[in-house]
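First comes the structure, then the notes that go with it.
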């Protein structure tokens, strides 16, 4: 990228120079690539940033039915969790503080755990930031390590299943491990382009501080929702499980009621969490990244005022129903996969290998569909952010973009996502280790027999994982926005980032040939 103007922008960041001049570029892990000459099948004539209604959506609420459903389910979660937690507190469910001297009641979880989860959240934030810094400095190395770790993980699971004589899972993961080894050689050749793409996006984010403002706000909401859900589930179990003290006061208690309420709380948590992350994605795509791609630096005088704030308002009001629609699809798939996982474990423990194998196959199939839908939805949300489209129309246009451009080039986007996801897993594991050490050295009274160690460590892992994924989603939003821009107006990137454009044009010439919008 070219040098940056030291003047400050509205978010405290450093905006770009008014004009990007082609020529020698910084070495982002590879040689400098100049833009190909204009006769390679594309033109350097730029379209209007507002073409097709871009950045000027109609003032109407899209997908209102799903907006209403989302609001109702969240209101229901608030009511159920408030009833459960308030009764739980009255029954002495909370107590204690930080350290060994304030470990609280021996009955159940308490304030001791609240502080622990807050510490875990802080650690997740710090570790996620450190990982992003390392990813920017050692991009190629981390991508190579990511691919190798993916292969090692598949082989490790395969070996474990063979050792434990879980033959259905062993056969499936043997195939997966073999495929991952063959895929490594294809992915490895794409690392130079993927690493340059990641570096360019991180440099853009570095000079548009609103990217990290949005990511940190989403991170705070995700962390708060995770802690809220954790204690809502614990309180629900404590309040309505038969045999608890609250059942003697006239409260209707049953295992079925507990299972139903926890299932509903899990559904609400997953859907709300998806919506928070996707609103943040749409805000960044329609704000700093989209504005950088289509309008250029602010000093050119073309970028609208407060693009990030405008994008957030659109995403959280007019387009919230569309985002909730797409998020609901992923949530349902995730719940189905969780149910199949439980069925597989039950069948395996009951000694029914055929049923366990079938459940595992179904779980893998649903997991693949879920991953593809999530990947597809990310581009649909960018279409929603840029044009204000309903979800179905955005999905159709996204599919058309994939067909016109080909899926092959988008594998680089997947490689970036894989790198960031592995970082999130590492952050989650470190957070779970922190929680384990905290429990071991503080000895809270509720965990004298270690009965709560596993769930607390699991929740710490999930909080670390979710926090890191939310933060890294800022970078994924930029990568995906660039690919959408390439599909619509590829010549713009020749001005914004000529080195990246030249490498894409050399590797995927069909991607930089403009396709008229329908």
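Glycine residues also receive a Cβ, built from the backbone N, Cα and C atoms like all the rest.
Looking at 17-35, 36-54, 93-111, 169-187, the range annotated in TrEMBL as transmembrane segment turns out to be 169-187. When the ranges 404-421, 422-439, 476-493 are checked against TrEMBL, the one recorded as transmembrane segment is 422-439.
Across 64-85, 114-134, 141-163, 275-295, 451-471, the stretch most heavily in contact with the transmembrane segment (422-439), judged by Cβ pairs under 8 Å, is 451-471. Counted as Cβ pairs under 8 Å, contacts with the transmembrane segment (114-134) are highest for 451-471 among 64-85, 141-163, 275-295, 315-336, 451-471.
Here the transmembrane segment (211-235) touches the transmembrane segment (275-295). Their Cβ atoms form 3 or more pairs under 8 Å, with each pair 6 or more residues apart.
Of the recorded ranges 64-85, 141-163, 275-295, 315-336, the transmembrane segment (451-471) has the largest number of C-beta contacts under 8 angstroms with 275-295. Outside the transmembrane segment (275-295), and at least 6 residues removed from its termini, the chain residues within Cβ reach (under 8 Å) are 16, 49, 54-55, 70, 201, 204-205, 208, 210-211, 214-215, 217-218, 221-222, 225, 302-304, 307-312, 314-316, 319-320, 323-324, 326-327, 377-378, 381-382, 384-386, 469-470, 473-474, 476-478, 480-482, 484-485, 489, 492-493, 496. Within the chain, the transmembrane segment (315-336) has long-range Cβ neighbours (under 8 A, six or more residues past its boundaries) at 57, 59-70, 266-267, 270-271, 274-275, 278-279, 282-283, 286, 366, 369-370, 373-374, 377, 380-381, 384-385, 388-391, 394-395.
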